[in-house]
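Engineer: Sharing a structure, written as C-alpha cells. Questions coming.
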Amino acid sequence: MLRAVYADLTRIGEFAADDMVLHRADRAFYREAAAGRVVGREAAVRHERDLIRSTGGTLVMDVEQIVANDHFGAVFGVLRARREDGATLAVPFCGLWRFREGLILEHWENAYDLAAVQAFLSGEASAVRA
C-alpha cells in the first residue's frame with residue numbers, strides 16, 4: 001500500500017478510510033491546529049493533487065525505506081522536484097502513518113527542511129539540497 005501511494009500520491013484515496021486525517025508538513029505554522037489538518041479521503045486526494053500541481057507535475061517521492069506493520073508505518077526518502085526555470089529540490093522526508101482495518105487512518109507529512117520546500121514552491125529558491 002505505502003509503496004503504491006508514494007509512487008502516485010493521488011492513489012492515497014484508494015487506501016484511505018473515509019474519515020482519514022492528513023497532518024500537513026506545514027502544520028506548525030498555523031495558529032489553529034485544525035488549519036494544519038486535512039480531513040477526509042477526498043480532501044486528502046485534493047491536497048496531494050495540489051502538491052503535485054505546485055511542482056508542475058515533477059514531484060517524485062524517492063522512497064529509500066519503509067517500515068510498517070498492521071498499525072503503523074514510517075517511510076523514509078527524498079522529496080524531489082524541478083521547476084520550469086531549472087531549479088531543483090531534493091529534501092529528505094519521513095512520512096508517518098496510522099492504519100485501521102487495513103486502511104489509512106492518519107498520515108503525518110514531515111520534511112527535513114520545510115523552509116527550503118516552501119521557498120522552492122514559492123519560486124524563491126534556485127536549487128535546494130538538504
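Heads up, residue numbers simply count up from 1 along the chain you see.
Placement of Cβ uses the backbone N, Cα and C atoms for every residue, glycine included.
Annotation comment: TrEMBL describes 8-107 as domain 'SnoaL-like'.
Situate these features within the shown structure.
Structural biologist: Taken together, the residues of the domain 'SnoaL-like' (8-107) have an average pLDDT of 94.
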Engineer: What does the DSSP secondary structure composition of the domain 'SnoaL-like' (8-107) look like, as residue counts for helix, strand and coil?
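Structural biologist: When I sort the residues of the domain 'SnoaL-like' (8-107) into the three classes, I find 28 helix, 49 strand, 23 coil.
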